Amino acid sequence: MNRVANDKVEIAQRVSYISNVSNAKDAEDGYEGAKTPDVLEAQGGALRSGGAPNLFSKDHIGLIMQYAAVGVVYGSLPATIYPFLQSYLNASGTQVVTASTLVVLPWSFKIFYGIVSDCFPIYGFRRRPYMLLGWGICFVMLIVMAATPVGDPYFLNPDDADVDPEKYDQHPGIEDRLNKSAPGKAGKYVLLMMFAAFGYLMSDVTADAMVVELAQREPLAVRGTTQSTIYATRTLFVAISTILTGFAFNGKEYGGSFDFSLSFPTLMLILAICLVPVLPVTWFYIAEEKRERVVFTEYMSDLWKLIQTRAVYQIIFYNFFSGIFANFSYTAASPVQRYMVHVEPINSTISDVIGNLVFLAGIAVTGKWGLHWNWRWIIVVTGVLVIALDAIVAFITIWDVFRSQWFWLGVPIAVNVPSGISFIVSTYVIVELATDGNEGAVYGLLTTVTNLSQPFSATLTKIIDQKWNMTNERIQHDDHSIRMDITESIILMYAMSVVSWFFLVMLPKQKAETQELVRTGGSSKLLGMLTIFYVFFAFVWSVMTNLMGIFDSTACLVIAGGDGC
């Protein structure tokens, strides 16, 4: 993930640089500021002066801390969804899918953070004040969650979770031991976690912009070291926080086997305490030069010109539409894991940690041997491997040929190798398109589009899957009809993945082809406007439908994935 990200940012910066040069040339101003090939060669291929940075020096160690903190929070909040929402509150499959989406939905706002950071420095600083503000917002949300009582779990007796709802009449008193108001509480916690994510994402985006600036100082031979280091740091702390969440939420009330556990508010308090040292480190251990405030209208005009270029709108088209189909899922995934496989949170955590390490291995393989692989073919090959391995596990489990926690969790770990390769390859093109001068906005734009496809895909998943009515009760009953419905939904998911490959014609084969597209692709105002339209539409649609999906009064609407009110 590290090497990939490095190359991604590096390419992004390089492309951004090219794009800025083009804009300057069109405006016949600022063109002289662009470095010529001779100058770049004299600097070892670096895109800006200053020399390769030492990230562990006093001037930059605070940047490492940003990604460590992001890893802690980003690794913890989504990891609470299965044990807390699914097992403790007994939220529906649709609510869980919605929660999983909303907790990461703020990543779809990266471009807005990037624009604000680029254009509106606070006391002359474009990055550090926004980092502090972001962590402040996240800290407050964590404290609010820590101070909010969660109430009793849905199953007051954890053993009742294994009882088929259709056989409740055979277990006198079980209905009295159900806290049926628990699922309705899921919404407020999801919203608080989403707002916390909005906070730490502000810090993450401004840190990304600074990483781009530092990476451009690296000579070509070592460019990527900065990104590798920061993504390695983030991944390490994601793994650490995942372990914490797994052990903390492996009590019987969370579907686990431990006799002890932490409450949700206690975990939120621990996360808040972890953020305390990040605040002073952010200000005193990140070197940043003051910048003049840019003219916002000119800045947006340049960004608009960039979106009109074929290189940008074509890559946006590929990232968005291929992402919609590639991220298509099925709403029964979490309930199947809970009620058919009986996965304990601690085992799920162990699987996630190992999966992260294997994912990194896939990225490392690509970074060492696959820098010149054909992007289109490697995405198809890795996609076929992922589908094949996942199908073996899914169908054997669904049809009760063999059910085991470690079969369900263990075999898919291998999927992380091709997934890591595919991920890293897909990021190379982003690096080719990033620009020098508006690092936050351009890097944020391309990643926003990629992230935006995920909640939009989740919305389609809920709307389409609602026709099968895959409720927790039916999955607990585990008869032939629900197995057939789940099977059909999984096959549809695989078909959607195959459809995503048809968009690969829009993806350049390699970095050289991307650079050629930047130089000779031309521009189109019409296609630029069309790009903004469908991305904005998807953004509004995703936010609206996913918010409706977590509240009882609107979750029944078909647009939110319900059966109709």
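Even glycines carry a Cβ here, placed using N, Cα and C.
Nonlocal intrachain contacts for the transmembrane segment (64-85), taken as residues 6+ away from its ends with a CB within less than 8 angstroms of a stretch CB, comprise 55-56, 91, 95-96, 99-100, 103-104, 131, 135, 138, 186, 189-190, 193, 196-197, 200, 203-204, 207, 229-231, 233-242, 244-246, 249-250, 254-256, 264, 267, 271, 274-275, 277-278, 281-282, 285-286, 334, 337-338, 345, 348-349, 352. According to TrEMBL, the transmembrane segment annotation covers 64-85 (among others).
Summarising the annotation, TrEMBL assigns transmembrane segment to 105-125 (among others).
The feature transmembrane segment is assigned by TrEMBL to 132-150 (among others). For the transmembrane segment (132-150), same-chain residues at least 6 beyond its ends with a Cβ under 8 Å from one of its own Cβ atoms are 69, 73, 88, 185, 188-189, 192-193, 195-204, 206, 263-266, 268-269, 271-272, 275-276, 278-279, 282-283.
Counting same-chain residues at least six beyond the ends of the transmembrane segment (189-211), those with a Cβ under 8 angstroms from any Cβ of the stretch are 9, 63, 66-67, 69-70, 73-74, 77, 80, 84-85, 98-99, 102-107, 109-110, 113-114, 117-118, 126-128, 130-131, 133-142, 144-145, 148, 150, 226-227, 230, 264, 282, 286, 288, 439-440, 443-444, 550. Sequence annotations record features per position, and here TrEMBL assigns transmembrane segment to 189-211 (among others).
Marked as transmembrane segment by TrEMBL: 231-250 (among others).
Positions annotated as transmembrane segment by TrEMBL: 262-286 (among others).
Here TrEMBL flags 315-333 (among others) as transmembrane segment.
If you look up TrEMBL, you'll see 353-371 (among others) marked as transmembrane segment.
Look at TrEMBL and you will find 378-399 (among others) tagged as transmembrane segment.
Per TrEMBL, transmembrane segment is recorded for 405-431 (among others).
According to TrEMBL, the transmembrane segment annotation covers 490-507 (among others). A Cβ distance under 8 Å defines the sequence-distant neighbours of the transmembrane segment (490-507), meaning residues of its chain 6+ beyond its ends; these are 314-315, 317-318, 321-326, 328-330, 375-376, 379-380, 383, 386-387, 390-391, 394-395, 398, 429, 464.
Sequence-distant contacts of the transmembrane segment (527-544) (same chain, at least 6 residues past either end, Cβ-Cβ under 8 Å): 101, 105, 108, 304, 307-308, 310, 313, 316-317, 320, 449, 452-453, 455-456, 458-459. According to TrEMBL, the transmembrane segment annotation covers 527-544 (among others).
The stretch in 262-286, 353-371, 378-399 that contributes the largest number of Cβ pairs under 8 Å to the transmembrane segment (231-250) is 353-371. The list of residues near the transmembrane segment (315-333) in space but at least 6 beyond its ends in sequence, with Cβ under 8 angstroms from a Cβ of it, reads 93-94, 97, 307, 383, 426, 429-430, 433, 445-446, 449-450, 452-454, 456-458, 460-462, 465-466, 468, 470, 475, 485-486, 489-490, 492-493, 496-497, 499-501, 503-504, 506-507, 531, 534-535, 538, 561.
Long-range contacts of the transmembrane segment (262-286) within the same chain: residues 58-63, 65-66, 69, 72-73, 76, 80, 84, 88, 127-128, 131-132, 135-136, 138-139, 142-143, 145-150, 189, 203, 210, 244-245, 248-249, each at least 6 residues beyond the stretch ends and with a Cβ under 8 Å from a Cβ of the stretch.
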